[in-house]
Amino acid sequence: SIILPEPVSWVSQNFEDKLEGHLEQHILTYSNLELAYKAYAAFYDRADVDLPGFKKYFHKLEQRSHANAVSMTTYINKRGGYVQFPVVELKDACSYIDKFLEKNSTSKKENPNMCNYHSQSQKSTGKKSYAKNVKDDSINWRPISGLTGLEEALTLEKFVNRELISLAGQAKFHRDPHAKLVIEAEMEHQVDIIKEIADLVTRLRQYPPNKDYELGEYLLDRELSK
């Protein structure tokens, strides 16, 4: 049997196991987002999509999620805890994200989220097969893929902020002022990224899908590529 490491007792002080568990779960959220954003960036890099600015932006979101996961891991170590890292696969990350997009999206979505486009399973034949209900010849994200990706990212980042709000409440409940301070500092950055993505969504929504949307997406893509 595997012997799990104990908290570093000479470092740990007033760091409740339940709070540590919630922080560890938040790291998993960041890991899921990191993998999903990698898939979004890959989608925008396709030759039949060709949106280098959006690829660059989602790569930035991917790096940000990774940095946040590392930062939270460092904090848990600093408090004398330890982090167990589960294996995160893209299909699991997409499934995880599907649940929150379905629950929190402001409008009903006809297609799965774009993360699923690169979520594939390997059959015994060795051929690639797209995730359930996702086929490249039946679903076309391209017409408004820039707006779709940003709207999904906005929903996800709002969910991250909701988790942070809950974590701050947990820290207060467990009378851990230092953890509460760290979480609230992260919340400040989270509010900034939500506003940033929301601004981009608003700009694209000003271009109707059947009229000038392609022009708006092109102009925004050029701006994001700089």
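Including glycine, each Cβ sits where the backbone N, Cα and C put it.
Whatever TrEMBL says is automated annotation, not expert-curated.
These features come from TrEMBL:
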type: BINDING; residues: Glu157, Gln190; note: Fe cation binding site
type: COMPBIAS; residues: 113-124; note: compositional bias 'Polar residues'
type: DOMAIN; residues: 13-208; note: domain 'Ferritin-like diiron'
type: REGION; residues: 107-129; note: region 'Disordered'
Glu157 (Fe cation binding site), number of other Cβ atoms within 10 Å: 22
Same chain, 6+ residues apart, C-beta under 8 Å of the C-beta of Gln190 (Fe cation binding site), given in sequence order: Glu157, Val160, Asn161, Leu164
Model confidence over the domain 'Ferritin-like diiron' (13-208), averaged pLDDT: 84
